[in-house]
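Below is one structure, written out as structure tokens; comments come after it.
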């Protein structure tokens, strides 16, 4: 567990990139869908810069601006938070779960879409576990993660057809979890910048989300739409266990099946693609 957290801290801190952008607008009325997004480590604002703003625009275009509320999760997203998020008890996970509960309280008929990038991807997994425990996960119609170190794990209570993750070639964060990607449509990414290039996938993510919400989680339809958008030809899936991972990310020893992970014996010696060496 310690090696896992230290490795994530190293990678997410080294690959972080941030600059301020306008925030998503606050909810003024109930919409059919509420998309929650958790940004990556050290990104500013609530939507960050790499994925959030582009995802907001793409999803609004796909679903209709009047049909979806996009809300960034307010949390520190700092390096220190990586360890707590990795153990399931981080402030980002608590905040996203609370945002979901608030949205459902204010607008009982809204459907939730959980999304996150990097550290925010871990937040999505934890939030699904929390919503399953509170009996609210049935309100989640889709979940999408980018640069997800838990890419082989299906979020608790979310069916295979309703989840997709993007893992770029050369991204050591999502490459950390070896094995078959969870969800539908494979996990190929259009990023040419490794962990920092997931903005290239927001259109495909929006297409996937639209197909899922329009077809009530039809696995075959969702997969076809995603493959058309990303030119991915293969489709793989991972199913929840009978206990749906029980305590989720809160307990790596008993709650989460991490048999697919291959923990390295040493940290990388360089990240030359980002000008970082001698680590």
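For all residues, glycine too, the Cβ spot is worked out from N, Cα and C.
Per TrEMBL, the features are as follows:
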type	residues	note
ACT_SITE	118	active site, nucleophile
ACT_SITE	171	active site
ACT_SITE	195	active site, proton donor/acceptor
DISULFID	30-107	disulfide bond
DISULFID	167-174	disulfide bond
SIGNAL	1-18	signal peptide
Residue 107 (disulfide bond) and residue 171 (active site), Cα-Cα, nearest whole angstrom: 38
Of 30, 107, 167, 174 (the disulfide-bonded residues), the residue whose Cβ has the fewest other Cβ atoms within 10 Å: 30
Separation of alpha carbons, the residue listed as 'active site, proton donor/acceptor' and residue 167 (disulfide bond) (Å): 8
Rounded to the nearest Å - Cα separation of residue 118 (active site, nucleophile) and residue 195 (active site, proton donor/acceptor): 8
Cα within 10 Å of the residue listed as 'active site, proton donor/acceptor' - qualifying disulfide-bonded residues among 30, 107, 174: 174
Candidates 118, 171: member of the active-site residues with the richest Cβ shell (10 Å): 118
